[in-house]
């Protein structure tokens with residue numbers, strides 16, 4: 001973007017220069033000659049601050065002369081343009097210095113890239129040497145491993161033969177031991193059968209006895225339950241009789257209360273009769289003229305009433321005494337029956353508890369007998385298990401022979417597999433080392449190509465700068481040819497800097 005800016009300025013300033021040259025043709029030449037000494041006087045002032053090459057100074061003096069030939073009305077505008085151009089020239093110089101610094105930096109980076117490429121090539125050579133050493137060491141190690149594997153195979157073969165011999169001896173001893181065990185088991189089985197028969201007979205006798213006792217206990221328990229039920233029924237009947245007696249007693253008390261009421265009424269009547277008798281006697285005393293026959297009748301009636309009253313009193317007392325006696329008798333009878341029933345219930349309970357205890361004892365005895373029976377059954381199962389163990393032992397001996405054959409086959413296969421695995425491991429290691437070597441070679445080739453491209457770009461940048469200078473010098477009447485050279489150098493330096501940054505990025509990757 002920056003190199004395009006001076007071009008536009010150069011092009012914009014070219015047209016005023018042409019117009020000024022036409023104006024000078026129209027004006028008189030003496031004015032130009034008169035301005036010659038002034039331009040000569042000002043020439044050192046314009047030359048000193050620039051510090052450029054002779055061609056650039058010559059061009060600048062020519063441009064200054066042309067500007068001084070212009071009419072005086074445009075001098076102020078040209079001076080302002082000149083000051084602006086000087087400022088731009090300073091900026092361009094600063095940019096040129098920065099491009100020089102970037103160029104130096106690019107050269108340093110190129111040198112570093114060369115050094116890194118040289119180090120990489122040295123590293124590749126070292127890796128190749130190490131690879132050769134590793135390959136030789138690997139071959140020596142493989143030879144050593146083969147030797148060790150052969151020695152180990154020989155030792156394993158000797159150990160296998162010793163184990164086979166030991167196994168043969170162990171199998172012979174095992175057969176002898178099994179024969180002895182078989183003989184002892186036969187003797188033990190015979191003794192166990194004799195003991196077992198006697199134990200079975202005793203157990204069957206005890207079981208029969210326990211069954212009889214259990215049946216008797218069950219009968220006793222049934223009797224106790226029947227007695228308990230009978231006692232319950234008697235107790236319920238006694239409770240019913242007590243309830244009926246209580247109801248009868250309540251009824252008798254009601255009747256007794258009625259009798260008492262009647263007695264009270266009769267007493268009231270007697271009192272009324274006595275009062276009447278008293279009144280009649282009073283009246284009779286008053287009536288002296290009363291006849292003796294009437295008095296006798298009244299006395300007879302009075303005596304009859306007293307006799308009836310006495311009889312009623314006697315009957316009431318007798319009835320009350322009978323009722324009390326009957327109630328006392330019923331109470332005593334109910335108490336006796338209740339006591340008998342309670343005693344019967346208690347005896348039934350104690351008998352039930354005793355029968356339960358006997359039943360528990362019989363159950364425990366039956367359990368012991370069942371346990372003994374189970375033990376006998378287990379003993380018979382053990383005898384059958386012994387026979388199974390014999391069969392398993394024979395099967396184990398057969399499997400042992402098969403395992404011997406498989407072991408021999410395994411040892412033969414192991415030798416072949418070891419040889420194949422050793423050859424496969426050697427080929428894998430060779431392939432890995434060759435792949436690593438190829439990778440290092442490719443990486444070194446990439447580094448070399450990157451360094452070559454960096455150097456080529458740097459040399460191309462230097463050659464392009466000369467071409468740009470030649471092209472800028474061919475411009476006739478150009479006012480800022482040196483400025484063009486500096487801008488072209490800046491562009492190429494930036495391009496080279498970008499390329500070197502890319503190369504450094506590739507190097508880091």
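Placed from the backbone N, Cα and C atoms, the Cβ positions cover glycine too.
Unlike curated entries, TrEMBL annotations are predicted automatically.
Marked as coiled coil by TrEMBL: 200-237 (among others). Mean pLDDT for the coiled coil (200-237) in this predicted model: 75.
For 263-315 (among others), the entry in TrEMBL reads coiled coil.
The feature compositional bias 'Basic residues' is assigned by TrEMBL to 1-10.
The compositional bias 'Low complexity' feature in TrEMBL is assigned to 29-39 (among others).
Here TrEMBL flags 54-70 (among others) as compositional bias 'Basic and acidic residues'.
Under the heading compositional bias 'Low complexity', TrEMBL lists 74-86 (among others).
Per TrEMBL, the feature compositional bias 'Basic and acidic residues' maps to 415-430 (among others).
Positions annotated as region 'Disordered' by TrEMBL: 1-103 (among others).
Per TrEMBL, region 'Disordered' is recorded for 411-430 (among others).
Long-range neighbours of the coiled coil (200-237) within the same chain, counting only residues 6 or more positions beyond its ends whose Cβ lies under 8 Å from a Cβ of the stretch, are 337, 341, 344-345, 348, 351-352, 355-356, 358-359, 362, 365-366, 369, 372-373, 376. DSSP places the residues of the compositional bias 'Low complexity' (74-86) in helix, strand and coil in these numbers: 13 helix, 0 strand, 0 coil.
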